[in-house]
């Protein structure tokens with residue numbers, strides 16, 4: 001399962017996650033970064049790099065941020 005960037009990223013966009021991603025699947029989505037779900041290899045390198053704890057494995061996204069799964073897919077052009 002891919003990782004998902006959620007609400008805490010909005011307005012922060014620290015780029016630490018971008019720098020550690022080995023497959024460069026994290027992109028600028030305007031107000032936040034997003035992870036392309038078809039490019040993510042599920043390595044998890046981005047999770048500890050995020051200073052605002054905005055990144056989760058898709059299956060572990062907190063209930064209040066479940067909409068970010070679809071938002072990441074839309075930003076990636078998959079919906």
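Positions of Cβ are set from backbone N, Cα and C atoms, glycine also.
The domain '4Fe-4S ferredoxin-type 1' feature in Swiss-Prot is assigned to 2-30; the stated evidence is sequence analysis. Annotation comment: Swiss-Prot describes 9, 17, 50 as [3Fe-4S] cluster binding site. According to Swiss-Prot, the feature [4Fe-4S] cluster binding site maps to 21, 40, 43, 46. Taken from Swiss-Prot, the feature domain '4Fe-4S ferredoxin-type 2' covers 31-60, and the record attributes it to sequence analysis.
Feature map: Swiss-Prot annotations on the structure.
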{"residue": "9", "record": "[3Fe-4S] cluster binding site", "contacts (Cβ under 8 Å, 6+ apart)": "32, 33, 50, 52, 54, 55"}
{"residue": "17", "record": "[3Fe-4S] cluster binding site", "contacts (Cβ under 8 Å, 6+ apart)": "5, 26, 33, 46, 49, 50, 55"}
{"residue": "21", "record": "[4Fe-4S] cluster binding site", "contacts (Cβ under 8 Å, 6+ apart)": "45, 46"}
{"residue": "40", "record": "[4Fe-4S] cluster binding site", "contacts (Cβ under 8 Å, 6+ apart)": "2, 3, 23, 25"}
{"residue": "43", "record": "[4Fe-4S] cluster binding site", "contacts (Cβ under 8 Å, 6+ apart)": "22, 23"}
State the residues, same chain only, that lie 6 or more residues beyond the ends of the domain '4Fe-4S ferredoxin-type 2' (31-60) and have a CB under 8 A from a CB inside it; answer 'none' if no residue qualifies.
1-25, 69, 71-73, 75-76, 78
Please work out the helix, strand and coil residue numbers for the domain '4Fe-4S ferredoxin-type 2' (31-60) from the DSSP assignment.
7 helix, 6 strand, 17 coil
As a test of reading the model: what is the averaged pLDDT for the domain '4Fe-4S ferredoxin-type 1' (2-30)?
96
Is it possible to get the count of other C-beta atoms within 10 angstroms of the C-beta of residue 46 ([4Fe-4S] cluster binding site)?
23
Chain-mates of 21, 40, 43, 46 with C-beta within 8 Å of site centroid, [4Fe-4S] cluster
3, 17, 20, 22, 23, 25, 26, 35, 41, 42, 44, 45
I'd like the Cβ neighbour count for residue 50 ([3Fe-4S] cluster binding site), meaning other Cβ atoms within 10 Å of its Cβ, all protein chains included.
21
